[in-house]
Amino acid sequence: MTAALDVEKAISISKGTATADAVTESGTDDAAPPAAEGLQPPDGGFTAWSQVFAAALVNSMSWGYPSMFGVYQLHYRDALKLPDSQISWIGSLQIFLAFVMCTFSGRMADAGYVKTTIAVGSFLVVFGTFMTSLCTEYWQIFLAQGLCTGLGLGIMFMPPISVVNSYFVHKRSLALALAASGTGFGSVIFPATIQYLIPQIGFPWAVRCAAFLALIMSAVAILILRPRLTPRKSGPLVEWDAFREGPYLLYILGAFLFFWALYFGFFYINAYARNVIHFSTTDSVQLLRMSNQCSFVPSLLSRDQDNGTVAPVITNGMSIPSRPLVGFLADRYLGPINMYAFHVLVLGCMLFAWTGVTTRAGMYVFSVFFGLANGAAQGLFTCSLASLTKDPRKMGTRYGMVCTIIAFASLAGPPTAGAIIDKSAGQYLWAQVWAGLVIVLGSVALAGCRCAVSGFKLWVKV
C-alpha cells in the first residue's frame, strides 16, 4: 500500500513539474490563452449588449465630431476668409490626434484603466469645444478644436472597443459594427445641433450646446461600462512582433490608403453641393447629415428644392443601417476581412461616380449610396482587425498601433484634396479621381491580407 502511494505521489510531482516547465517555456500569463483563465466571453446578455450601447455613445463623440467638420469648414471659410486647404488642417489635426493617441489609450485600456481614460478624454473634448465657442482667430481654433479636442477624442476612443471585444466571439463583428454605428448618430446629432441653433442663439452658444450634449453622453457611457478581463499591467507599449505577421502588415497598408482619402468626402461634399450644384449653405450641410440617417431621405427629398440641408444629412445618416447589416453578414456568412475589402472597393468606385454628379437629384442619389458604402466600410474596420487578434487582452495595443499609423494618412488626406482643388481653380474632378484611386488601391492591399490569411481560395470565410 505504501509503495503504491509513493508511486502515485511521484507521478503527481512529475506532472506538476512538466506543467511548470511548459508554462516557463511558453512565457508568462501574456502567452496564456484566455480560455485557460476562464475568460470565455458571454457572447450576449444584457451586460454584454449594454457595453455595445456605451461604446456607441463614445463613438458618437469620437467620430461624430470629426465627421461633422464640414459644417465648421463652411463657417470658417465664410467667417475667416481662408482657403480650404488651410482650414482643413484643423479637422485633419483633430482626426490625426484621434488616431495617434490610440496606442497610448489602447495600452491603458489593456492595463485596466478604462473608465479613467474615458473620463480624461471626455474632459478634453468638452473643454476644447467650449474654448472653440470663444475663438475668433485661426490659431485659437487650431489649438482648441484641432489640438485639445483631438487629444480628447483619441484618448477616449479605444477603451470601449477593447471592452466590447472582450464580451463577444461569434457575434463580435455584429457587436463592433453596432458600436461603430454610434458614429452615424453623432454625425447627425452634432451637426444638427449646431446648424439649427446658429440662427436662434448664434454660433458660440450653438457650439456650447454641442459640448453639453457630449458631456451627458460621456457621463452615461462611463456609468455603463464594465471591463471584464484581468488587466494586463505588464507588457510593452508596442507589440513589435505583430509587424512580423504578413496579414497584419497588409491590413495596415490597406487601412492607411483607405483613411488617406476617406475624409475627403466628409470635408468636401457640402462644399461641392454648394459651389458646383448651387445648393444653399443650409441645404449643403443637411446633405452631409442625411447620408448618415437613411430615415430622413424621403422627408428631405420631398422638401422645398431650396432646402440644401439634405446632402450632409444623407451621407452621415445612411451609415447607420449599413454598419450593423454588414456586421451580421460578416459573422454569419462571409467573414469580416472579405466584407471589408469588398466594401472599400465599393467606396472607391463611389468616389469615381461622384465625378459624374451635376444635378440636384444626382447629388441626393449619390449621397445616399456614398453614405451606405462609407458606413459599411468604416463599420468593418474594427471587426476585421479583431479577427486578426487572437488574444483579446492585446486588442487595445494592436488596434492602437494601427490607429497611430493611419493617423498620418488622415492628417494628410483632406489638405491634400484641398491643395488639389486649389490648384485646379476650385474644380473637384482631380481630387475625386485621386481619392477614388487611393481607396481602390487600399482594397487591393486588403485583398492581399485576405489571401495571406486563407491562401488563394475563393470561398473561404475570413
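Glycine is treated like the rest: Cβ placed from N, Cα and C.
The transmembrane segment annotation in TrEMBL covers 48-66, 87-106, 112-134, 141-162, 174-198, 205-228, 248-269, 337-357, 363-387, 399-421, 433-453.
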With the greatest number of Cβ pairs under 8 Å to the transmembrane segment (248-269), the stretch among 112-134, 141-162, 399-421 is 399-421
Could you give the residue numbers and ranges of same-chain residues that sit at least 6 residues beyond the transmembrane segment (87-106) on either side and whose C-beta is under 8 angstroms from one of its C-beta atoms? 62-63, 65-66, 69, 72-73, 76-77, 80, 117, 121, 141-142, 145-147, 149-151, 153-159, 162, 237-238, 259, 263, 267, 395-404, 406-408, 410-415, 417-418
For the transmembrane segment (205-228), sequence-distant contacts whose Cβ falls under 8 Å of one of its Cβ atoms, 6 or more beyond its ends: 39, 41, 47, 50-51, 53-55, 57-58, 60-61, 65, 109, 112, 114-115, 118-119, 122, 125-126, 129-130, 132-133, 156, 159-160, 163, 166-167, 189-190, 193-195, 197-198
Can you find at least 3 Cβ pairs under 8 Å between the transmembrane segment (48-66) and the transmembrane segment (399-421), where each pair is 6 or more residues apart in sequence? no
Out of 112-134, 174-198, 363-387, 399-421, which stretch touches the transmembrane segment (433-453) the most, going by CB pairs under 8 Å? 399-421
Within the same chain, the residues 6 or more beyond the ends of the transmembrane segment (141-162) and with Cβ under 8 Å of it are 51, 54-55, 58-59, 61-63, 65-66, 72, 76, 89-91, 93-102, 104-106, 108-110, 113-115, 117-118, 120-129, 131-132, 134-135, 176, 179, 218, 221, 225, 382, 392, 395-396, 399-400, 403
